[in-house]
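Engineer: Before we start, here is the structure in question, set down as structure tokens.
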Amino acid sequence: MKDSYISIVIAYLMVTFILVSSMPIEGEKRELGPHRLPCPPKLNDENYCFNGKCVHLVAQDEPGKPYYSCICDEFYIGERCGTLDLTNPGYFLKGQSSTQSSI
């Protein structure tokens, strides 16, 4: 009984460590993963993503077929990052702190 309890605790700690270590640190820039490539310059020049960064996803089921996506800037959502996410409480908190500091 004691051994199974210890095994459960160890498993829980390992999962917690993995989850916490995979979370980005504030201000940290993540590298593109193995299935993401930079977008062609033409798409970046045409502002494919309104408020974000364009990435070319490599589809494993259809290699060679281009699929582009956006990694949105903070507080923006949508297919091309064109919508301000007003449901994010951080948007209002960030706005209040900048307003208060300018007074």
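Here, residue 1 is simply the first one shown, and the rest follow in order.
Any Cβ shown, glycine's included, is placed from N, Cα and C.
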Engineer: Need the cross-check against Swiss-Prot: the disulphide partner of C49, picked from C70, C72.
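Structural biologist: Going by Swiss-Prot, C49 is disulfide-bonded to C70.
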Engineer: Which of these, C54, C81, shares a disulfide with C72 in Swiss-Prot?
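Structural biologist: Partner cysteine, according to Swiss-Prot: C81.
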Engineer: Measuring Cα to Cα, tell me the gap between C72 (disulfide bond) and C39 (disulfide bond) in whole angstrom.
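Structural biologist: Taking the Cα atoms only, C72 (disulfide bond) lies 14 Å from C39 (disulfide bond).
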Engineer: When DSSP states are grouped into helix, strand and coil, how many residues of the domain 'EGF-like' (43-82) land in each?
Structural biologist: 3 helix, 16 strand, 21 coil
Engineer: So what sits near C70 (disulfide bond) in its own chain, CB-to-CB under 8 Å and at least six residues off in sequence?
Structural biologist: Y48, C49, G52, K53, C54, V55, E79, R80, C81
Engineer: On the three-state reduction of DSSP, what should I expect for C39 (disulfide bond)?
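Structural biologist: Looking at the DSSP assignment, C39 (disulfide bond) belongs to neither helix nor strand, so coil.
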Engineer: Note the mean pLDDT of the domain 'EGF-like' (43-82), expressed as a whole number.
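Structural biologist: The predicted confidence over the domain 'EGF-like' (43-82), as a mean pLDDT, is 86.
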